[in-house]
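Pulled from TrEMBL, these are the features on record:
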- 1-50: region 'Disordered' (REGION)
- 66-84: transmembrane segment (TRANSMEM)
- 104-122: transmembrane segment (TRANSMEM)
- 134-153: transmembrane segment (TRANSMEM)
- 165-186: transmembrane segment (TRANSMEM)
- 198-224: transmembrane segment (TRANSMEM)
- 236-256: transmembrane segment (TRANSMEM)
- 315-332: transmembrane segment (TRANSMEM)
- 362-383: transmembrane segment (TRANSMEM)
- 395-416: transmembrane segment (TRANSMEM)
- 660-680: transmembrane segment (TRANSMEM)
- 692-711: transmembrane segment (TRANSMEM)
- 726-745: transmembrane segment (TRANSMEM)
- 758-795: region 'Disordered' (REGION)
- 785-795: compositional bias 'Basic and acidic residues' (COMPBIAS)
Amino acid sequence: MSRKSSTSSKEDVPVVPSTEKASPPPYEEPKKESAKEPSSQLSLEKPPLDVEHPDKNVKLKYPKSVFFIIINEFCERFNFYGMRTVLSLYLKQILGFSEDKATVYYHTFIMLCYFTPIPGSILADTYLGKFKTIAILSCVYAFGSILLAVAAIPDFLPQTGFSMTGLLIIAIGTGGIKPCVSAFGGDQFVRPQQDRQLEAFFSVFYFAINAGSLISTAVTPILREDVQCFGDETCYPLAFGVPAILMIVAVVIFIAGKSLYTIKKPEGNIMGEFFKCIGHAISRKWKAKGEKHDHWLDFASDKFDKQLIEDVKRVLAVGFVFIPLPVFWALYDQQGSRWTFQATRMDGDLGGFVLKPDQMQIVNPLLILILVPIFETLIYPCFKKSGILTPLRRIGAGLVLCGLSFVVSGFLELALEPTYAIIPANGRIQLNFINTLPCEVNVEYQVTDANEKFALDANTYKFAQDLEAEKDIIVRASLNNKNCGDYNIEFDGIDTGNVNLGNGTGTKGYSILITERANNLIITRLNNEEQLDKSETGDPYVAFYLDDREFEEYSGWNITMHQYKSKKKIFDYTYVLNVTAESTPSADSIVQTEYQTAEIGTYDLSLNGIGIGKLENLIQGGVYRVIIQKALNKTDYYHVMPVEVTPPNSVNILWLLPQYFVVTVGEVMFSVTGLTFSYSQAPISMKAVMQAIWLMVVAFGNLIDIIVISAQSEDPNAGLSQAQEFFMFAGIMAIAVVLFILMSWNYNYVEDEKKEEDEKKRLSTVSNHQNDSSSSSSSSDDENDKGHENKGFSE
């Protein structure tokens, strides 16, 4: 169980059918001592005769039915993790939610996936049985996946409503079958004869989970971004559709194996008894005023068995220690939301290969596969003798490391802030002054709250940010020398332009060009507002402006960008030139294009099929306005001048690796240990209840995300910055660590249930064959105390 990948470690925990029972059957009596055999020679290790199953030494055939279950699990996990990998970007890029809203909806979906296993478990164990529950809810699951894929098709269905409905149906389906599939696989084996085969099955089962999740995490981002469909630059219908097809295959394969399955009838649900016992105890404690008990659960002794009450006490003792643990999942599950959005603000170019933001999620399961064997075979054995790394201390260390990973992500975000797009607030504006001439130009602009003079070198630009967006801004330009390269500008004095900004409510920016027409210095403005925001996909934005005296003949022509690799064209983008009206009386019309995204790299440019030059090194996240000028008195030469309107992503995406490494080490110590701890500390009759509590811990962790992030303002100029939010979550984790240490300080470990039962049988047998009953009692007390030694944080 401890070899589990992160992609499944917190949810697909198999419930291994136990060979033990809460109390031994009547026929499992201790072997009577032979009259000829002295009591000192009594064999205490030989197990009682198992009359329920045939001889344990009989070799049984490996059940073929489990292969249907394993293939089903592979396909289902491919579907779930493939869809989940691209979900946060879909919510933002296609449905148009802000990062905060997309994050909230993402964690709402994950939360539902971990709340629904409880009704799924009750349905399987009380009413339908595991097979029918898996079959029915898998069909529901597949329908939700198909609905989500269809809803992603543009202009087909109302996208937001149907996408949300699809996600809700998926949450019901995946959560409902979560506690059933692995347990149903375990039902296919005859125990205890096939215990070793069962163990091998779970190893293959884990491999299917990891294989499905790893492959889908790598593939679905490629389907999302590298394929264009339905007129979009991305193809989310395919990114959701391929996993949905795998889910349909999963349903068909699972049902196809029905004739081979061992199908057990529902045996009742212990979870119901668990909650009934607690409810009855609370009710009686409230009503029975004069009655006293050592523990409040003992108030249920009038209706419930004493052993059940003791088992509930043990579960609640573990549950008490678990109270701070949801914070781990609150941070951990942000790999699919906040950390993915953080990756979109970074440069994924690895030299010939571009790593997509959502593909970074594959780092976690890959590291898990590497680190778990290292910890299990090297690190933990080194600390075993010293007793330093007890299970609770491992869990505590995992909490600390998870918190530290958010400190790392916070500092990384601070390094990303200089590359953010600067978006003026409402009523403010940014001006980009672009000197297209081959000589220095003196520029002056005047608004109510600013008046600045500066010199612009040849073919350079300068930004004036955060200005009051008045209807008109006075701009002046002049030359020191009328001889300006190939230009002989007759009017070399001051050209004054009242740059019109419409109604003065623009919240973005404009580019103001200083150029030449008819040997006159002119100031003009591009008609459209500039694109300041970075693209949702992280791809660079590109637009063109053609500065040419013969502009009129270019209307409707195309500027095409071609990118080649090994003489093979791999990208081709076309921009249509449009003639738009000027706002400056001293200039003629401008020929320009709209912005559109492109892949990173270097491009060859052509104007209506005629090569005009190169556009060098487009980088992820950049916004580029490219000025193309036809050289004076030359018919076939153009000058290409790229203007970087918004800086590109300059921090490489591999800088995410440190925080992924730290959080994965934390997961190895927290999640894998937590699974083992919760299973070993739960009574045999309450293993399923403890599994449900563990899943609820994950659900409540995502609920914390929903509450905290919903409280954040959607105004980018208000509330916490992203870096501050990361540090805040690290602070919340620090508080959780302190609470966990205090709450687990005096926790008493419980020995393995089987050892406990064997010890009780041995002591009972010894007491029957020894004359000194008081000595036997003392021995029993000493041995039982060993199972309750304090090994929490205090020792």
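The backbone N, Cα and C atoms fix where each Cβ goes, and this holds for glycine too.
Note that this is a predicted model, so its numbers are computed, not measured.
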Chain residues in Cβ proximity to the transmembrane segment (236-256) (below 8 Å; excluding those fewer than six residues from its ends, i.e. six or more beyond): 68-69, 71-76, 78-80, 82-83, 86, 90, 94, 134-135, 138-139, 141-142, 145-146, 148-150, 152-153, 216, 219-221, 223-224, 227, 229-230
Beyond the flanks of the transmembrane segment (134-153) by 6 or more, those residues with Cβ under 8 Å of it: 72, 76, 79, 83, 90, 94, 120, 124, 128, 159, 162-163, 165-174, 176-177, 180-181, 184, 230, 236-237, 239-241, 243-244, 247-248, 250-251, 254-255
The transmembrane segment (660-680) vs the transmembrane segment (66-84): 3 or more CB pairs under 8 Å: no
Among the ranges 104-122, 198-224, 395-416, 692-711, 726-745, the one whose Cβ pairs under 8 Å to the transmembrane segment (165-186) are most numerous: 104-122
Spatial neighbours of the transmembrane segment (726-745) far in sequence, C-beta under 8 Å, 6+ residues away: 320-321, 323-325, 327-328, 330-331, 334, 338, 392, 395-396, 399-400, 402-404, 406-407, 409-410, 413, 704, 708, 720, 792-794
Stretch of maximal Cβ-Cβ contact with the transmembrane segment (66-84) [cut-off: under 8 Å; candidates 198-224, 315-332, 692-711]: 198-224
Same-chain residues near the transmembrane segment (315-332), Cβ under 8 Å, at least 6 residues beyond its ends: 10, 274, 278, 297, 392, 395, 398-399, 402-403, 405-406, 663, 666-667, 670-671, 674, 677-678, 681-683, 686, 689-690, 693-694, 697-698, 700-705, 708, 729, 732-733, 736-737, 739-740, 743-744, 747-748
Residues of the parent chain within Cβ reach of the transmembrane segment (104-122), under 8 Å, 6 or more residues beyond its termini: 11, 84, 87-88, 91, 97, 133, 137, 164, 167-168, 170-172, 174-180, 269, 271-272, 333, 336-337, 688, 692, 695-696, 698-700, 702-703, 705-706, 709-710
Beyond the flanks of the transmembrane segment (692-711) by 6 or more, those residues with Cβ under 8 Å of it: 10-11, 13, 100, 103-104, 107-108, 110-112, 114-115, 117-118, 121, 178-179, 271, 315, 318-319, 322, 325-334, 337, 674-675, 678, 725, 728-729, 732
